[in-house]
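The transmembrane segment annotation in TrEMBL covers 19-36, 56-74, 86-105, 111-128, 140-165, 185-207, 266-285, 297-317, 329-348, 354-378, 390-413.
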């Protein structure tokens, strides 16, 4: 059937709360596998003590995520979003399962072979991340901001869940034979389940929610071609022969270049947020924080504090009076975060664990809060196809920041004399 946006408008809010819940789980599935690999870093440091696994795996992951995202962002208006997202979640599922298989095949032993295998799977995670994060945030950018916030909350929840489970498994298995390996196996099994769940949620549930069908129909009426398969899956046929008037309407959209320069402050802001965060988290927190009374619990505790506060802070913008929407205010706040660099340096050298936990928590709070503010404010005022394109461009800038931050993270290692 062919649907009219006007006739669907009265029912556009139906299924909103269900959509928010689904977006949360889709966000959770977007990073739960990768966050599990980061959180079981102590296991990989035991297997590969000479290879700096936390830093190397992240450094392998980022170029593949960035390169794939650049290609997808350039061609976003021609890409089938449904196929893109399903492919991304399927690749996450397959790669996570293969990490488990690799561990079983190598009997939990180290060596260059298993480490190279992990690096290959890390690259697969990067490709999957580019498909899912860009595809989902582009798609959600022409829907209501609560969907973006919920998806971003799910991204942060994946880290908090991984950290919570890591601490639980550390308590449960610390004194048992192969305790770290048992905890890591449990982690990866749970991640594999979540990835399979996300495939089902996106392919079957999300597309059929009334509010999602409304927003996608609206985007299609504004010239978007990326939503046709999702609408078809929901039983809605779009009219490919829209006539001269609709064709002209589609041509009116801003180009990617125009969108980028109109929102260059948001783009630079996201880049700077993640340059700073990834220059500290997780590599510095694993390798440069010294020895303290918490012993082997110290690094997992720091990672957990970051992830928990990153998650909590992503819900602060739901309170309108606390949401920062000023473009100038956002940029000033983002730039002020660079004070964390000297703060972490001196705290690692002279401070105790209490100050380090406080700084790590503040890093998480600022990261989550500013990410949600930028990504929910930027798409306002544009048409559906433009919002989708802008969402992809902003994710590309975010991934550029991640890559640059990971590269800078190696400076901590050089400064420590880690080579």
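Each residue, glycine too, has its Cβ placed from N, Cα and C.
Two recorded stretches are said to be in contact when at least 3 C-beta pairs lie under 8 angstroms, sequence spacing 6 or more; the transmembrane segment (19-36) and the transmembrane segment (86-105) meet this definition. Only pairs six or more apart in sequence are counted, and the transmembrane segment (86-105) with the transmembrane segment (329-348) gives fewer than three Cβ pairs under 8 Å, not enough to call it a contact. Between the transmembrane segment (111-128) and the transmembrane segment (140-165), the number of CB pairs under 8 angstroms, six or more residues apart, is fewer than three, so the stretches are not in contact. Remote same-chain residues near the transmembrane segment (56-74) are listed as 34, 37-38, 44, 84, 118-119, 122-127, 129-131, 133-135, 256, 278, 282-283, 389, 392-393, 395-396, 399-400, 402-403, 406-407, 409-410 (criterion: CB distance under 8 Å, separation of at least six residues from the stretch ends). Contact check: the transmembrane segment (354-378) against the transmembrane segment (266-285) gives at least three Cβ pairs closer than 8 Å, residues 6 or more apart, which meets the contact criterion. Spatially, the transmembrane segment (297-317) is adjacent to the transmembrane segment (140-165); three or more Cβ-Cβ distances between them are under 8 Å for residues at least 6 apart in sequence. Nonlocal intrachain contacts for the transmembrane segment (266-285), taken as residues 6+ away from its ends with a CB within less than 8 angstroms of a stretch CB, comprise 38, 41, 52, 54-55, 58, 260, 299, 302-303, 306, 327, 330-331, 334-335, 337-338, 340-341, 344, 348, 360, 363, 367, 370-371, 374-375, 377-378, 393-394, 397-402, 404-406, 408-413.
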